[in-house]
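Below you'll find the structure, written out as structure tokens, and then a few comments.
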Amino acid sequence: MADKVYVDSDLKALIPKFLENRKEEIVKARTLLKENNFSELAELGHAIKGTGGGYGFNFVTELGAKIEKAAKNEDQDEIKDLVKRLEEHLENAEIIYD
Amino acid sequence: MKILIVDDASDIRRLLGHIIRKSGYEDLEFAVNGQEALNIIEQKQNSGEKIDLILLDIMLPDINGIEVCRQLKSKKIVEGVPIIMVTGEEDETVLEQAFSAGAMDYIVKPFSQIELKARVKSALELRQERQKRSQREAELEDATKSLKTANKELERLASLDGLTKLANRRLFDQKLQEEWGRSVRKDEVLGLIMLDIDYFKEYNDTYGHQAGDKCLQDLASKLEKSLFRSGDFVARYGGEEFAAILPETDYKGLTEVAERIRREIQGLKIKHENSEVSDYVTVSLGAAVACPESKSGIDKLVQAADKELYRAKENGRNQVKIKKKLVTGEEEG
């Protein structure tokens, strides 16, 4: 089941770089998780939240906000789950340019 | 329109750049942190470039965006340049700080294209209006300045006699008032000489009006040279009549000055074959000294000097007559 993401067609050229940067953030999030570095995780969540929606990836923004909140609560399991959902969402997303 | 975009996240910089370019603004510059933004603005200021809009992220890795905003605003080049804060959340305290640091607007991430475009557009419109206004203000200031200069020059010209470049009657009256008042305050005497060219009508009839004008000019410049004390003042009183105000000058002093003027004008040796008193142009002088006490005496002084001038004419011209008695406000006749 693919998540549909509606992206403004003139942003098409920017999307590959956008996806690449999010993948790097997922790797970074997992490293930070291992280190229990919640403050940087909160910052990362904040950044993800700010970036997603502008490109049309509203769910990315939602997950970023949740990661930020969970990091502030130092809820390791929740963060792990959210990062996994972010990864799956990006992998399965069906991008519709309109 | 030059726009500076400051954000540490490359995706945001790219997105902002993309949307703003699409709105038709091509001249963009980017900074990845606060220090870089400050450096760019500093460079622009030094090289005389301009900037029209700054989009500034609040959460920067080095210096807090609000502090960056404050520092930017203190620079001359950023005067009147709108700053839009780009913020991750609508925290009232943070926004209040941003506004007091000089931000004009803010936009919350994630932002929609429509919203961003609208805000950038209105900020740039504000910028243009401000520029137009300050240009108009500068123009107005220039106009006021040249008007003042013109007025001064006009005032000067309105006080001068066009032919002789001496003060005219208008300025003479004003100056006499001033000197009268000063003499009252300082309890000093005030001398006045009235002089008239002898047989000037005959001179004009003989040599023509152009020669007559030249004669007036030569006399005027000689008069100016003969009165060398700093307070002395000479004016063209009427057609061929001149007047000199001599502050702090008594009967003796006035006699010396008047005699000197008479001698020096005769010494110009301006040929006048139809004069009955000399081969050259001469003048008759009447003078009086006042001891000013009240305002009412001014006319009496002028009348007294004029009367002496008449006496000098009656007595054969080319001579000086001075009233021996001091003119005062109370005196009769």
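Each residue, glycine too, has its Cβ placed from N, Cα and C.
TrEMBL does not curate its annotations; it predicts them automatically.
TrEMBL lists B:126-160 with the feature coiled coil. The predicted model assigns the coiled coil (B:126-160) a mean pLDDT of 92.
Among the features that TrEMBL reports, domain 'Response regulatory' is placed at B:2-124. Shown for the domain 'Response regulatory' (B:2-124): DSSP residue counts in helix, strand and coil, namely 60 helix, 22 strand, 41 coil.
Annotation source TrEMBL lists domain 'GGDEF' at B:188-325.
Under 8 Å, Cβ to Cβ, and six or more positions away along its own chain, B:ASP57 (4-aspartylphosphate) finds B:VAL6, B:ASP7, B:ASP8, B:ALA9, B:ILE12, B:GLY65, B:MET85, B:VAL86, B:THR87. TrEMBL lists B:ASP57 with the feature 4-aspartylphosphate.
Same-chain residues lying 6 or more positions outside the coiled coil (B:126-160) and placing a CB less than 8 Å from one of its CB atoms are 1, 52-53, 80-82, 104, 166-168, 170-171, 174. Helix first, then strand, then coil: DSSP counts for the domain 'GGDEF' (B:188-325) stand at 61 helix, 32 strand, 45 coil.
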